[in-house]
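Participant: Supplied in structure tokens, the structure appears directly below.
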Amino acid sequence: MSAIYNFCAGPAMLPTAVMKKAQQELLDWNGQGVSVMEISHRSKEFIALTKQAEADLRELMHIPANYHVLFMHGGGRGQFSAVVNNFLGNNGRALYLVSGQWSSSALAEAQKLAGDAQIDSLNIVEKHNGLNAVVLPDLHKIDADYRYVHYCPNETVDGIEIFDELDSPWPIVADLSSTIMSREIDVSRYGLIYAGAQKNIGPSGLSIVIVRDDMLKLPSLVQSSIMDYRLAVEHDSMFNTPPTFAWYLAAEVFAWLKSIGGIASIAKINQQKAQMLYQCIDCNTFYRNGVVASNRSQMNVTFQLADETLDGEFLKQAQVAGLVALKGHRIVGGMRASLYNAMPLEGVIALVKFMNEFAAKYR
């Protein structure tokens, strides 16, 4: 069977080695005679898995001891509301930096829950010579008392990534759903990090929360118990039955990432993949990208064909060539190639080859 390369933005492809291991032990995990999906989440065997998963993630991301690591339900959208309910209380205020579709969605959820009086926002994307560019504000010049400032360093729909470190007088809450573990970051700069698992961690249904201990002392609102960070900490992420199979696969992904050299190693590969694809786009008038070079996403490369009437043919022929899920988000159209950690370099080489051949054929 010819290789199939899945460029889906999420749920995304998982490392082949992880999928094969899961396949091999699907019916008999860890010598238990049953699947990991079938054992109790409170069994000593599964507890050992969860402890190892947390230890591996802490090692990979260099998470300080004063941070809690939570494995929760709800994905990124679930965390949009959890952040508000856990930190704002009845009269707290927050600032949302808007750089694309996902930060806009987080803002909308915060406004719905807390109201405009408690939520401020700043649009941080401008047009530079017709291209989208991020301009980070000097937050120290803002005279306000915020419980936190929220931002999304990588916008999957818009193909925008913020590489500069955000400097803030208030705790930083970051949606790292699409960029977690793709490059090294300093966790100690953040009050809270959250990430839906379905891009760089595992299957959908699980979200990772990394929260600094002092954040848990902020006033909270009455909310669903399963989204209460304090309860999650108190019960080791097991206040209720967690998504055990997703947790298991996340643990396997962490182990895989460690085996190939960790985040520093995969970051070099990710940079190489993105540079290769952007070079193909830039060297060919048949394709175009709408983001300044300094803010082009390494995880989600968006591009358009010069002749949009060829979009359907491009996708059809790409599918035949084993290059799937390249259609851009319905909001922006065009194409999108998601290059998460599990995407091998060979997949990008195959995509670039196809794009060059398609351009030569239809130019």
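Quick reminder: no glycine exception, Cβ is built from N, Cα and C everywhere.
So Swiss-Prot says this about it:
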{"type": "BINDING", "residues": "R42", "note": "L-glutamate binding site"}
{"type": "BINDING", "residues": "G76, R77, W102, T156, D175, Q198, N240, T241", "note": "pyridoxal 5'-phosphate binding site"}
{"type": "MOD_RES", "residues": "K199", "note": "N6-(pyridoxal phosphate)lysine"}
Participant: Pop the Cα-Cα gap between R42 (L-glutamate binding site) and T241 (pyridoxal 5'-phosphate binding site) into the table, whole Å please.
Facilitator: 9
Participant: Secondary structure at T156 (pyridoxal 5'-phosphate binding site) (DSSP, helix/strand/coil)?
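Facilitator: In three-state terms, T156 (pyridoxal 5'-phosphate binding site) counts as coil.
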Participant: Which is it, of R42, R77: the one of these binding-site residues whose Cβ has the most other Cβ atoms within 10 Å?
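Facilitator: Comparing the binding-site residues R42, R77, the most crowded Cβ belongs to R77.
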Participant: Pick out which of the recorded positions Q198, K199 has the most other Cβ atoms within 10 Å of its own Cβ.
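Facilitator: Buried the deepest by this measure is K199.
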Participant: Using other CB atoms within 10 angstroms as the count, which residue among the binding-site residues T156, T241 scores least?
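Facilitator: Taking T156, T241 as the binding-site residues, the minimal 10 Å Cβ count falls on T241.
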Participant: Could you round the CA separation between D175 (pyridoxal 5'-phosphate binding site) and R42 (L-glutamate binding site) to a whole angstrom and send it over?
Facilitator: 29
Participant: I need the nearest neighbour of the residue listed as 'L-glutamate binding site' among the recorded positions G76, W102, K199, N240, using C-alpha distances.
Facilitator: N240
